[in-house]
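Each remark here refers to the structure printed beneath this line.
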Amino acid sequence: MSLQMISAINNSSLIQPGFSLLNFDGQVFFFGQKGWPKRSCPTGVFLLDLKKNELKLKPAFFSKDSCYLPPLRYPAVCPLRGRTESEKCQYVIHGGKTPNNELSDKIYVMGIACKPGKKITFKCTEKELVGDVPEARYGHTINVVHSRGKSMSVIFGGRSYIPLGQRTTEKWNSVVDCMPHVFLVDFEFGCCTSYVLPELQDGLSFHVSIARNDTIYILGGHSLENNIRPPNLYRLKIDLPLGSPAVSCTILPGGISVSSPLVTQTGDKEFVMVGGYQCDNQKRMFCNTISLEDNNIEIVERETPDWTPDIKHCKIWFGSDMGNGAILLGIPGDNRQLISDANYFYILRCGETREDDEEAAQTCSQTSTEDPGDSTPFEDSEEFCFSAEANRFDDDDIDTYNEDDEEDESETGYWITCSANCDIDINTWVPFYSTELNKPAMIYCSNGDGHWVHAQCMDLSEGMLIRLSEANVKYFCNEHVDLARGLQTPKKVLPVKKQPMKLLRRKTSMKLATPVKKSFLRRLFE
């Protein structure tokens, strides 16, 4: 195993925990950046361009008939093999977090619409599901199984927000384990069916799932309710006869207590599992080889790479499988870097792989490391999806992504500290105005370069908030309103109206006909 450091020379701040990698015909695409996308790449899909150990991100293109695909973090992703040539390279994407920390319950199928030259144009389709539709979640897995000439997708695990009826002010945005149900999804007819298996007692998230033919192996994971990583190993058997599907579960020995490991395929029946977390405050620095033989699974420890001091001492790490036995690994940067939120990136090569057959094994590992603002540094939170090969690209004719097109989430995000007295917290916020749904209302202060503030922190009534939003006027927050008043031009004072001198003299001469005091005349002409 070899470890090689690479340089991210543009848009490295977009690569945050929770991203996924998609492999389309050998080209690697990055999916799911942290901030709201704007003009350059409205879906958060970028070509991952690696040349001379330098990493660049270039925006991808979508066809006009494609649906909108939000830049999701921590979704469940796996390849979907179609029957026709146009459906040969597709991915199914379910769940995940939107840039505003809302959870998605939608399911998408993303494939190639056309490929003129080296440019790939994608098409994304949202699938309508009926039946036992799985709730919105993240940190789960999805796999495709094949049995008796038919195929189905299997969804398991993950986390979701507390139901609305159980929310309190203190736990408004708290997450809980999803119920340990197994969902079978038939894409051909859009039907979902859930199964309750007695062997699956705890909801698990950020686990590893490996699918081969009609069998899925589930390894590791984290139970949020009990705060444990049970050393369980499950085998799900999916039988797809003409009638109703049959789902069975078997508990196997030889499991490992781990969450958020990275898995890459190094052979037709061989996989390598790297890292993860073995407890809340300790990374798991070991590696294992996973072999599948005749409906059995074997897990053995193998040599570890020569970890650098930065990797050994960092508290969190994140990454994704690049295919062909390679893993893109990232660790947080330090204060020595020019960009405070930049990360260091490595490519870990674990071995070589061969082309898989039509019913090749698939891996899905939902790993941990949520955004620092969403959880503690060691909480399971980051997803490691796989697929993608670190090839070199010559797509220099693709316009490079302009980072200036992105809004600075630290300045315009809904969960910023907008003032010294700001008490809006993502974990305790509840709707204050009747117009609020999933985020607090904000208003723009026009002082200087401008900045966003929470309307609730500014003590605005709902009527005033609506009036300001409808009127084309400038607003100044509580901290800048006095400064703004001081800069205002004082109101014009009307000049004192003076009578013409000729008229004044005429009136004076008329009054001199009668005796007057000298003091009066003096005051009159002063």
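Glycine residues also receive a Cβ, built from the backbone N, Cα and C atoms like all the rest.
All TrEMBL annotations are machine predictions without curation.
Copied from TrEMBL, the annotated features are:
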REGION    358-380  region 'Disordered'
COMPBIAS  371-380  compositional bias 'Acidic residues'
DOMAIN    413-490  domain 'Recombination activating protein 2 PHD'
BINDING   Cys418, Cys422, Cys445, His451, His454, Cys457, Cys477, His480  Zn(2+) binding site
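Locations of recorded TrEMBL features on the structure.
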residue: Cys418; record: Zn(2+) binding site; Cβ contacts under 8 Å, 6 or more apart: Ile424, Met442, His451, Trp452, Val453, His454, Cys457, Cys477
residue: Cys422; record: Zn(2+) binding site; Cβ contacts under 8 Å, 6 or more apart: Ile416, Val453, His454, Cys457
residue: Cys445; record: Zn(2+) binding site; Cβ contacts under 8 Å, 6 or more apart: His451, Trp452, Val453, Tyr475, Phe476, Cys477, His480
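Within 10 Å of the C-beta of His454 (Zn(2+) binding site) we count 24 further C-beta atoms, all protein chains included. Counting every protein chain shown, the number of other Cβ atoms lying within 10 Å of the Cβ of His480 (Zn(2+) binding site) is 18. Model confidence over the domain 'Recombination activating protein 2 PHD' (413-490) is summarised by a mean pLDDT of 79. His451 (Zn(2+) binding site) counts 17 other C-beta atoms within 10 Å of its own C-beta, drawing on all protein chains shown.
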